[in-house]
Amino acid sequence: MISFFTKTTDMMTSKKRWTALVVLAVSLFVVTMDMTILIMALPELVRELEPSGTQQLWIVDIYSLVLAGFIIPLSAFADKWGRKKALLTGFALFGLVSLAIFFAESAEFVIAIRFLLGIAGALIMPTTLSMIRVIFENPKERATALAVWSIASSIGAVFGPIIGGALLEQFSWHSAFLINVPFAIIAVVAGLFLLPESKLSKEKSHSWDIPSTILSIAGMIGLVWSIKEFSKEGLADIIPWVVIVLAITMIVIFVKRNLSSSDPMLDVRLFKKRSFSAGTIAAFMTMFAMASVLLLASQWLQVVEELSPFKAGLYLLPMAIGDMVFAPIAPGLAARFGPKIVLPSGIGIAAIGMFIMYFFGHPLSYSTMALALILVGAGMASLAVASALIMLETPTSKAGNAAAVEESMYDLGNVFGVAVLGSLSSMLYRVFLDISSFSSKGIVGDLAHVAEESVVGAVEVAKATGIKQLANEAVTSFNDAFVATALVGGIIMIIISIVVYLLIPKSLDITKQK
């Protein structure tokens with residue numbers, strides 16, 4: 001059989017494979033941590049640099065926009081150039097750009113840094129996943145490795161605000177960026193000695209598809225940007241509508257071009273495989289259902305429980321604990337009972353956690369939330385099985401494609417979930433609050449608008465006017481909107497579990513490569 005892939009993993013011992021996995025897991029941890037750590041640094045950054053409201057949004061959003069746009073082309077680039085070189089280059093860029101924060105004296109400079117960090121992240125994130133596919137050719141070992149990879153991603157996202165809060169208690173906002181530097185140095189040095197190189201052979205590595213690159217970047221960035229705009233400004237603005245139509249058009253052209261190509265940047269035909277489709281649907285829709293609920297949980301802890309952002313991060317740890325406990329055993333359960341049982345069941349367990357928040361959440365207590373978060377984390381651990389399904393029927397030469405698709409599904413699910421379910425929560429909050437009942441007390445015009453926009457705004461208006469009842473009703477309305485959104489998220493996850501169950505072949509064994 002002709003090999004289209006050049007790799008140096010054949011002689012790797014078991015010890016070297018698992019040591020390499022540690023490097024890849026730490027790499028992913030750092031990048032996902034960086035996606036959330038800025039939340040803690042933003043208030044101090046705003047006080048020092050005084051960015052405009054628009055600049056603040058770009059500081060927050062530019063990272064995810066660039067990540068979404070560049071993941072597919074840069075994963076294809078890594079396949080051709082070499083995954084090890086791409087990963088180490090990504091980390092070198094990650095460290096150098098983070099170090100440049102020392103020279104940041106304007107919001108524009110910080111935006112540029114976040115842009116370059118997004119490029120580096122797009123080199124790192126899919127490459128960690130595709131290298132696991134190359135290093136662990138035994139499907140059973142690979143499933144366990146993917147569980148570790150999944151844990152690293154979850155822990156990074158949860159610990160970002162916690163680490164950020166701890167740093168900011170002692171240092172300036174710059175530390176939220178500088179924390180990346182030692183991790184980047186360690187990753188580059190360790191990667192040089194511990195990671196194997198792998199890339200497409202010359203027979204398979206053809207010329208670079210520039211039109212597909214442009215279509216992918218512009219289409220994905222346009223799609224993510226427009227969805228974010230809808231969630232912030234509503235549906236009335238015409239510009240996001242124009243952008244989303246153009247973005248979808250470019251994505252459709254990209255798909256058609258790659259379907260007709262003998263050497264596609266993204267092999268769209270992978271979606272014809274039921275296990276691949278099941279894994280990607282699970283990744284996208286689970287993040288869609290979860291993202292807004294977790295964001296609202298953080299707000300609930302800060303507004304209702306009156307915790308600092310740092311303590312709120314600590315109080316979200318039960319979810320990470322649930323994930324860490326169950327992710328390592330999920331592949332073993334899937335090997336014994338089959339992914340057709342384990343993945344839908346895991347998603348169902350996460351749904352139960354959501355339902356608990358609703359049915360025992362009037363009002364919600366932290367003990368109830370903690371139990372729900374443990375179940376959500378335990379259920380999310382089953383997504384390691386989704387990763388195994390995605391890689392199971394993916395040939396080694398298409399590992400970069402599969403990794404890019406999976407990462408894109410997580411990112412898009414997060415963006416769409418926050419936009420759609422976040423907007424639902426805001427709408428329910430306004431319905432439950434009934435601000436008109438406070439008109440007789442002077443809460444009209446701009447004051448009423450601020451109170452209706454968010455629970456934080458309502459609390460501030462209540463403090464300014466001395467109307468304590470407004471704060472109490474706003475908090476109650478936010479609580480009810482939050483748990484109602486959790487109910488909707490749980491229903492979505494039940495539907496996902498059924499769809500995934502129907503898609504996964506009954507006899508599929510994740511310990512045997514297709």
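Here, residue 1 is simply the first one shown, and the rest follow in order.
Backbone N, Cα and C define each Cβ position, glycine as well.
Annotated topological domain 'Cytoplasmic' per Swiss-Prot: 1-23 (among others), in sequence order.
Under the heading transmembrane segment, Swiss-Prot lists 24-41 (among others). With a cut-off of 8 Å between Cβ atoms, the residues of this chain six or more beyond the transmembrane segment (24-41) that come close are 59-60, 63-64, 87, 91, 94, 114, 117, 121, 124-125, 128, 131-132, 148-149, 151-153, 155-161, 163-165, 167-168, 173, 175-177, 179-180, 183-184, 186-187, 191, 195, 309-310.
Below 8 angstroms of C-beta separation, residues 34-35, 38, 42, 45, 51, 86, 107, 110-111, 114-115, 117-119, 121-123, 125-127, 130, 212-213, 216-218, 220-221, 223-225, 228, 265-266, 400-401, 403-405, 407-408, 411-412, 414-415 of the same chain, each at least six residues beyond the ends of the transmembrane segment (58-75), sit close to that stretch. Marked as transmembrane segment by Swiss-Prot on the basis of a curator's inference: 58-75 (among others).
Each residue in the topological domain 'Cytoplasmic' (76-86) has a pLDDT score, and their mean in this model is 88. The topological domain 'Cytoplasmic' annotation in Swiss-Prot covers 76-86 (among others).
Listed as Cβ neighbours of the transmembrane segment (87-104) (distance under 8 Å, sequence separation of 6 or more from its ends, same chain) are residues 27, 30-31, 49, 78, 110, 113, 116-117, 119-124, 127-128, 131, 174, 177-181, 183-185, 187-188, 191-192, 195. Under the heading transmembrane segment, Swiss-Prot lists 87-104 (among others), citing a curator's inference as support.
The DSSP breakdown of the topological domain 'Extracellular' (105-112), given as helix, strand and coil counts, is 6 helix, 0 strand, 2 coil. What Swiss-Prot records for 105-112 (among others) is topological domain 'Extracellular'.
What Swiss-Prot lists as transmembrane segment is 113-130 (among others), and the listing cites a curator's inference. Long-range contacts of the transmembrane segment (113-130) within its own chain (CB-CB distance under 8 A, at least 6 residues past either end) are made by residues 24-25, 27-28, 31, 34-35, 38, 59, 62-67, 69-71, 74-75, 78-79, 83, 86-87, 89-91, 93-94, 97-98, 100-101, 104, 149, 177, 180, 387, 399-400, 402-404, 406-407.
Listed by sequence, the residues of this chain that lie at least six past the ends of the topological domain 'Cytoplasmic' (131-146) yet keep a Cβ under 8 A from its Cβ atoms are 5, 7, 9, 12, 17-18, 20-21, 24, 83-84, 87, 195-196, 198, 328, 331-332, 334-335, 384-385, 387-388, 391-392, 394, 396, 399, 402-403, 510-513. If you look up Swiss-Prot, you'll see 131-146 (among others) marked as topological domain 'Cytoplasmic'.
If you look at the transmembrane segment (147-164), the same-chain residues 6 or more away from its ends with a CB under 8 A from one of its CBs are 21, 24-26, 28-41, 128-129, 132, 176, 179, 298, 309-310, 312-314, 316-317, 319-320, 323-324, 327-328, 330-331, 377, 380-381, 383-384, 387. The transmembrane segment annotation in Swiss-Prot covers 147-164 (among others), and the record cites a curator's inference as its basis.
According to DSSP, the secondary structure content of the topological domain 'Extracellular' (165-172) in residues is 4 helix, 0 strand, 4 coil. The annotation topological domain 'Extracellular' is assigned in Swiss-Prot to 165-172 (among others).
The annotation topological domain 'Cytoplasmic' is assigned in Swiss-Prot to 191-207 (among others) on the grounds of a curator's inference.
The feature transmembrane segment is assigned by Swiss-Prot to 208-225 (among others). Under 8 Å from some Cβ of the transmembrane segment (208-225) lie the Cβ atoms of residues 61, 64-66, 68-73, 77, 80, 240, 243-244, 246-251, 253-254, 257-258, 261, 263-266, 408, 411-412, 415, all in the same chain and six or more residues away from its ends.
The feature topological domain 'Extracellular' is assigned by Swiss-Prot to 226-237 (among others). Each residue in the topological domain 'Extracellular' (226-237) gets a DSSP state, and the totals come to 8 helix, 0 strand, 4 coil.
Residues 212, 215-216, 218-223, 225-227, 229-230, 266, 268 of the same chain lie 6+ residues outside the transmembrane segment (238-255) yet bring a C-beta within less than 8 angstroms of a C-beta in it. Under the heading transmembrane segment, Swiss-Prot lists 238-255 (among others).
Residues 72-73, 76, 204, 206, 209, 211-213, 215-216, 339, 343, 386, 389-390, 392-394, 398, 401-402, 404-405, 500, 503-505, 508, 514 of the same chain lie 6 or more positions beyond the ends of the topological domain 'Cytoplasmic' (256-278) yet place their CB under 8 Å from a CB of it. For 256-278 (among others), the entry in Swiss-Prot reads topological domain 'Cytoplasmic', with the evidence type a curator's inference.
Per Swiss-Prot, transmembrane segment is recorded for 279-295 (among others).
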> Cβ pairs under 8 Å with the transmembrane segment (342-360): which stretch of 279-295, 316-333, 409-426, 482-499 has the most?
Replying inline: 482-499
> Residue counts in helix (H, G, I), strand (E, B) and coil for the topological domain 'Cytoplasmic' (388-408), per DSSP?
Replying inline: 18 helix, 0 strand, 3 coil
> Looking only at residues six or more beyond either end of the topological domain 'Extracellular' (226-237), which have a C-beta under 8 A from one in the stretch?
Replying inline: 57, 61, 65, 243-244, 247, 415-416, 418-420, 422-423
> Residues of the same chain, at least six outside the topological domain 'Extracellular' (165-172), with any C-beta under 8 angstroms of its C-beta?
Replying inline: 40-41, 44, 48, 179, 308-311, 313
